[in-house]
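Sequence annotations record features per position, and here TrEMBL assigns active site, charge relay system to ASP171, HIS230, SER533. Positions annotated as domain 'Peptidase S8/S53' by TrEMBL: 162-569. The domain 'PA' feature in TrEMBL is assigned to 380-460. The feature signal peptide is assigned by TrEMBL to 1-26.
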Amino acid sequence: MNGRCSFFRFSFISFLLLLYFCNAWGFITHQKFQSPSITENILDDRYIVQVGHASHVAPFVDTLTQSFAQHIQIKRRFTHSLFSGVSFTLNASSQYNQDLHALFNHNNVTAIYPCRLAFAPTLHSVDSKTAFTSMPINASDIISPHRLTQVDRVHKALNYTGKGVLIGIIDSGVDYYHPALGGGFGDGYKVRMGADLVGDEFNNVGTNPIIKPGPTPLDTCGPHSGSVGHGTHVAGIVAGKAENFTGVAPDATLGVWRIFGCSGGTSDDIIVQALLEAEKAGCDIINLSIGDMNGWSETVTSIVASNIAKRGIHVINSCGNNGLSGAFTIGSPSTGTDVVSVGSFDNEYNLVPHFRAVGTSDKTPYHTATGFDETFPPGDIVLGDNDDDDGCAVSALIKGNYALVKEGSCPLKTKVGNIAQAGAIGMVVYNDAKDYAYRPIIHNTAIPVLGVPRIHGHNLMHQLVSNKTASIKLRFLGPLPSLITSAKTVSIFSSVGATFELDLRPHLAGIGGSVYSLLPRSLGSWGFLSGSSMASPYVAGSVALYLNSLGNKTSVNPKVVLERLQNYAYKAPTQNGKDNLDSPLRQGAGLVQVYDAITQTVHVSPGYISFNDTSSTQYKTHTLHITNDGEEHVSYHLFNNVSLGILPYNLAKNGYAYSEPINYTIAPAKLRFSKKFIKLSPGKSIKIKVTVIPPDTDPKQHVMYGGYIQLKSGNHSGTLDLSVPYFGVSGKQKDLPVLDSSTPFILDGVDSTIIYGTNDTLVFNQSSINDQPAPQLAIRFLTGTRRVLYELVDIINRTVIGYVLPPSSYLPRNTLGIGTKVYIHPLQGVYYATTRAPSSPSSFDDDNDNDDDNDHALLIPPGTYRIRIRALHLFGNPNDSNDYELRETGNIQIVE
């Protein structure tokens, strides 16, 4: 090999340490195949085949087993009117491409999907030290989020508690023996139905993971399994009920379908089975606190969830925890049509251990560095330094005491070492950038390290200095409620919209940051977790309260319920105390206000508006339908309540790589209303046309503007304001580059630090391909794309002789996160003569689709080639070659 590249626009050596090496799935070449993206979550040789009717499943399974004998494993069978089919694993499936092609040609087969790994929900914070065996006295009302969402008013004033509503939870199982979940399973219990689809040992590793389902969806994982009790926590949020704890819908009935083992992930086919079983069981609401960062609505789980929602079942899904990765980070299946996508707001209080300096009334919250308990014996605190409190030069007074230290001047590890060596029993540290109790980022310390809010650190320092007091005695008080400074604003981790098709996500938000709920008894019974995983069941419970208020819950369209919750949601600023509004792309319509949604009688549809981008005028005018279902006359003034916009890129610094996290900008759009003032008699409706004038910003910036159409009530009889979120993009999304300019490139198979760029030549010896690791094709996607082709180009005559990889469909963008910076795939020295893709542009599609020889992997003949990446622009026409972005690797010289 020669001609290796030594320089790129940014450092690839450190970059490569974070690469994820993707699975080498079997190359299925068929026009019905919904080709996978080259993401990390495709399960090798695993497929989901959809057939036209439930009666077709058994004959198709018989044919599969007869054709492939011991090489095939049938995983799941689906015989539901909404989705019928089978999932299977076929060892080395690419060897059977011709046989599979013949089977898939049958008219009964409607689609073939790759089976994706679905990762266990990634919680923003999981802290076992916030687990409690019981609720601290007088803390339950303070830390409950219900006053932020009006759930407490619904319980007390309206007496709606979710009775008669069946909520399905698709998650990691539950500890239904927990007293707050009723203490049992089956008829007569709160957890009435459900199933374990996987068992404790399942983790979806390898082609044949262990699947030993238990008789019920009981979480029996225990404290040493790595499980965090996710499903039990979710169930408690929805419907937990104890003397000092009340879930959102405490009298609702639950069905639980367990799709995760004690560790690891699950897969699309298991999620599909759980969704179909929950629908068949008669669930009124189905909650899924799962998802990825796909951003498209065409995954098989999104499609099945959408089909269920269209039947009148409320499907609620967390939007994801990828907000720190910037815009367009919404996960599927919350991207599905009619699936409710839920973002997260922070709670008002959490429980944090406190100490008090004797002689003062202040109670100081703290967290400890990993490895120490949260409570300690009393002791004195002194300044950690002779001259100040930075701890870099140690005071002799600290021996046998706690040392007060401010971060800075020297590394925290140095401070802890100095303090410990001088005989201190602990260190209390504060940071001028942190207004909250925090967990110091340091490990394996000889003494405990306690992180306190900035203001409390300053107060202690001033007391020690100004009162000329050598020490102050500390008394540790245990866990107490502590105010969260970001309360009732969007959680920092909550994923940011929109979808790549510019549909608004999230739709609205629940409380997901610092939520106190149930844990399995083996994990302490009670505790805090944070994530959109917690916000989704909160909204699911809120929908149950709304259905409870209707009596005949089956008569309402899920879309109407969502719209009413959106109409009266609370719109938050970016930070408390700021005179602005956060973008609908972060908070959707806002935080649910359940009492208002139930009791108010005016309804606006649709519940949100996407003005799309500025490529056409097709989406620039929308019609609002405003209906008065009450018994009084109402009147409203309509106006444009502008939010902050999102500046998705920093072009000067990073080009079209998304800013992580987002940056805000002031970019107000103007709205024109066909009427600015309306009056509505009881039972009457009116239509209002709304036209947008996008902000006059540089279209190259692709500013994501937004706000709320506000209906200001003119009544004084309790009629409240309503609002409808809107957003758009000032620029043409089709103009965005899809591929990073520094890719594609090729990594050496033996030494991955050797990079072959566009001006380099890789010498590939076919005779040694089995004797050493294959080189890797590396690609970074700046923007999501609906379709990618990987063409093998003969550079002598510039003709496409075939494809080195299967085409990819509905790819998300890359981020700067571990494992998602760049996608790579091994190159095995073979190609296929066709993609079997009907949507491929005719100018580069293969014409010999009926030639079965094209299905076989062919050795690339000796010669010099390049790999051309052909990626479809957003909103591009897959049949128009001009709508594709093209980039090529350097030369690949094939020798024998």
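Cβ atoms are placed via backbone N, Cα and C, with glycine included.
Annotations in TrEMBL come from automatic prediction, not curation.
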Exercise. Have a look around HIS230 (active site, charge relay system) and count the other CB atoms within 10 A of its CB, chains all included.
Key: 26
Exercise. Could you tell me which three-state DSSP class SER533 (active site, charge relay system) falls into?
Key: helix
Quiz item: Using DSSP, how many residues in the domain 'PA' (380-460) fall into helix, strand and coil?
Solution: 20 helix, 22 strand, 39 coil
Practice problem: Let me know the DSSP-derived helix, strand or coil state of ASP171 (active site, charge relay system), please. | Solution: strand
